[in-house]
Amino acid sequence: LRDEEQTAESIKNQMTVKEWEKVFEMSQDQNLYHNLCTSLFPTIHGNDEVKRGVLLMLFGGVPKTTGEGTSLRGDINVCIVGDPSTAKSQFLKHVDEFSPRAVYTSGKASSASGLTAAVVRDEESHEFVIEAGALMLADNGVCCIDEFDKMDMRDQVAIHEAMEQQTISITKAGVKATLNARTSILAAANPVSGHYDRSKSLKQNINLSAPIMSRFDLFFILVDECNEVTDYAIARRIVDLHSRIEESIDRVYSLDDIRRYLLFARQFKPKISKESEDFIVEQYKRLRQRDGSGITKSSWRITVRQLESMIRLSESMARMHCCDEVQPKHVKEAFRLLNKSIIRVETPDVNLDQEEEIQMETDEGPGGINGHADSPAPVNGFNGSGEDASQETVPKPSLRLAFAEYCRISNLIVLHLRKMEEEEDESALKRSELVNWYLKEIESEIDSEEELINKKRIIEKVVHRLTHYDHVLIELTQAGLKGSSEGSESYEEDPYLVVNPNYLLED
């Protein structure tokens, strides 16, 4: 796919008139991004973000050399993590078949020397010679590593240098050499427990070291969720492929067209405009602030490597559209992709009954059904009444709230309390006052008494969680006023709430 000595003009001269017209037509396509994704992976249903990430990896960023001679890589590394049967290996196979210079290997079956390089004795001269490994063979191409998490830790360490510095250094048996490994790495990994646990962070789900994780520009998480519409569409696609292989594959562009376009577009070396520079810095600041703040802990630590990833992805977007300059719209898409790969995992539904369920499990011991808060009603304090005894066998579903909705409510509460803080000296609100204020704010959404009770229950649980779990809100203690036991009891039941001064509001 790559030839450093060629220019866009020389590649154009190698094409026939018809081929060049097709390449030119593709460059003018308003829907090029989507059409390239669907044409490259016609047999894979959905997973659009992964397709976009892999496509940008094929175009790549612009490699640079600083004044001191330090090389900055332009290659984009992508890791796909997910449950079994979510088309991870299919992506790797597609890239391996499409790219002229791609090497496909399995992490479990590859040793450190098999991936980098080995020193062996030549049969004829009996001297030590270097035997190229997968990363060297994929120089100026793509190295697809399946079962990446199954690699031994010492074998993972061997590719640290290749992933960041794009070289492989060898000092074995009197042979000392530094070899090029300018390759993009497309890796696929399975979660530790077999299925992705959305309540844990990405780092806890996969068996990869922190240095390796930071060297990947994009992480994509594929979770096998039961969804009737998606399951039907996937089943239809697979059955169509088995029954009508040729007819079912619908491509806008042929693979040869894409190869020619890729070869032509890769000759562009887009420069970052001043406007885009400022935009990149602004977006990086947003990522860093979000990483250091409250509710969500991102998939991994946001470092300068993620800033470089954003630059490479922006350059790749500009290359794809055959632009000589990186524009803010390219940076925006790069930030969106990077943001998706960082944040997407951290959005499980929030279980607002978590504390009560833990309490029930403790009280019940081995008697309860695992995973269900199904004891009679000790939560409401009515345990033992005849009415509730008849409902003992019915499991009580836990109250869950979508993560985005939980963030929206918490941001609304924080903004209101901070506004009160700015306007008045006595900014603290009682918990009951805060609940009443929120219900008044959403009164247009409430149509019945039952809905009002439900919304009140939700906001009370959210406030409780923000106070005792996320520590976004602080209950003011009544220090030194222990004399009046009656007053202190009412104070404990309905305390004053203020926002934690160290809390940084989410975007």
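Every residue gets a Cβ built from N, Cα and C, even glycine.
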If Swiss-Prot gives H45, S85, T86, A87, K88, S89 as binding ATP, which of N140, N180, N190 does it give for that site as well?
-> N190
Per Swiss-Prot record, range annotated motif 'Arginine finger' [choices 194-197, 214-217, 386-389] = 214-217
For the binding-site residues listed (H45, K88, R305), most other Cβ atoms within 10 Å of the Cβ sits at K88
Under 8 Å Cβ to Cβ from N190 (ATP binding site), same chain, six or more residues apart: give me those in sequence order, or none if nothing qualifies.
-> V81, G82, D83, P84, E147, D149, K150, I206
On the DSSP side of things, how many residues of the motif 'Arginine finger' (214-217) fall into helix, strand and coil, could you say?
-> 1 helix, 0 strand, 3 coil
For S85 (ATP binding site), what is the secondary structure state per DSSP, taken as helix, strand or coil?
-> coil
Take the motif 'Arginine finger' (214-217) and find every residue of the same chain, 6 or more past its ends, with a Cβ under 8 Å from one of its Cβ atoms.
-> 76-79, 160, 163-164, 185, 187, 300-301, 303, 305, 309, 312-313, 338
